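Participant: So TrEMBL lists these for the protein:
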BINDING   GLY109, TRP110, ALA111, GLY112, THR113, GLY114, LYS115, ASN116  ATP binding site
DOMAIN    279-335  domain 'Torsin-1A C-terminal'
SIGNAL    1-24  signal peptide
Amino acid sequence: MRRVGAFGGSTALWVLLAAHVAAAFEPVSVGIAIGAVSALTGYLSYSDFYCRFTECCHEERPLNTSALKLDLEEKLFGQHLATEVILKALTGFRNNKNPKKPLTLSLHGWAGTGKNFVSQIVAENLYPKGLKSNFVHLFVSTLHFPHEQKIKLYQDQLQKWIRGNVSACGSSVFIFDEMDKLHPGIIDAIKPFLDYYEQVDGISYRKAIFIFLSNAGGDLITKTTLDFWRAGRKREEIQLKDLEPVLSVGVFNNKHSGLWHSGLIDKNLIDYFIPFLPLEYKHVKMCVRAEMRARGAAVDEDIVTSVADEMTFFPKDEKIYSDKGCKTVQSRLDFH
């Protein structure tokens, strides 16, 4: 855990060293030297000086909404709901100087639809180092909470970890991946931190952000999306209200959602359930083009089509949606 007070000690040492060097000169020079150093340390604030050399937690720094919007629109394909909701939720939350609770988002959809990618985009727009930031914390259910018989231990560890990191940075970001593989009950350990409390044991969690990533509810999302398609309606016509109530109830009653009978849902502590729609053939091709550009290669439409054609699609008769989304695009592109 980073000690914020370290800079104060460093500054004092700097002043003493400056005075010691200046002591070799006449008293007037000593006074000038100390005065100059004092003025300099006063001018170079914590964020201006110390943060040039190490990562700092800027709780009051506003979100660059334009940059986030551009990233979502240019890098996320086929997810108009996720783009709209995440942009509005983050912008509103970060622009609110006195939020009443932490922002809690639950992202749902099949693998390869962009949930992890969005969490990466969000992290990078909040902190320049993104997922490598000291203030962005990623938990993977199968890695950090693998054993069902250790639920109580995991709950205690999770509370201590979140408490410690929010103490160091009030605007910390916590991402929980593979929520559908998380043993029931573990996530309820963080309920006090997500609630409408001004402080919990002297710590305010109101500026923190919690993001859950889950495959649970993917079947419900696909059913609604397919119903729109069969009715001749565009996927862009799907609104959050068409899916969010179904999602919240579905994951609450799903024993394999990580949120089964969770107090987080029961007490309405999750601000948004965000659906990630299944991706169509055209979206897969967009993913291929984006990956080619990311590799610095010219976009070859023959290769784009070839990679997209290698993917498998469902339902069996219509073959509309990629069963792996864009998840295997990178590995398949390696063979071309």
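Glycine too: its Cβ is placed from the backbone N, Cα and C atoms.
Caution: TrEMBL annotation is automatic and unverified by curators.
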Participant: Could you work out which of the binding-site residues (GLY109, GLY112) has its C-beta surrounded by the smallest number of other C-beta atoms within 10 A?
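Facilitator: Comparing Cβ neighbour counts within 10 Å for the binding-site residues GLY109, GLY112 gives GLY112.
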Participant: If you run through the domain 'Torsin-1A C-terminal' (279-335) with DSSP, how many residues end up as helix, strand and coil?
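Facilitator: Computed counts for the domain 'Torsin-1A C-terminal' (279-335) are 29 helix, 5 strand, 23 coil.
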Participant: Hey, what's the Cβ neighbour count for ALA111 (ATP binding site) at 10 Å?
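Facilitator: For ALA111 (ATP binding site), the count of other Cβ atoms within 10 Å is 15.
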Participant: List, in sequence order, the same-chain residues at least six positions removed whose CB sits under 8 Å from that of ASN116 (ATP binding site)?
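Facilitator: Those within reach of ASN116 (ATP binding site), by Cβ under 8 Å and sequence separation of 6 or more, are ASP177, LEU213.
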Participant: Under a criterion of Cβ-Cβ distance under 8 Å and sequence separation of at least 6, what residues of the same chain contact GLY114 (ATP binding site)?
Facilitator: LEU76, PHE77, GLY78, GLN79, ALA82, PHE276, GLY325, CYS326
Participant: Applying the rule Cβ within 8 Å of the centroid of the Cβ atoms of GLY109, TRP110, ALA111, GLY112, THR113, GLY114, LYS115, ASN116, what extra residues of the same chain belong around the ATP site?
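Facilitator: Filtered neighbour residues, in order: PHE117, ASN215, PHE276, GLY325, LYS327.
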Participant: When a 10 Å sphere is centred on the Cβ of TRP110 (ATP binding site), how many other Cβ atoms does it contain?
Facilitator: 22
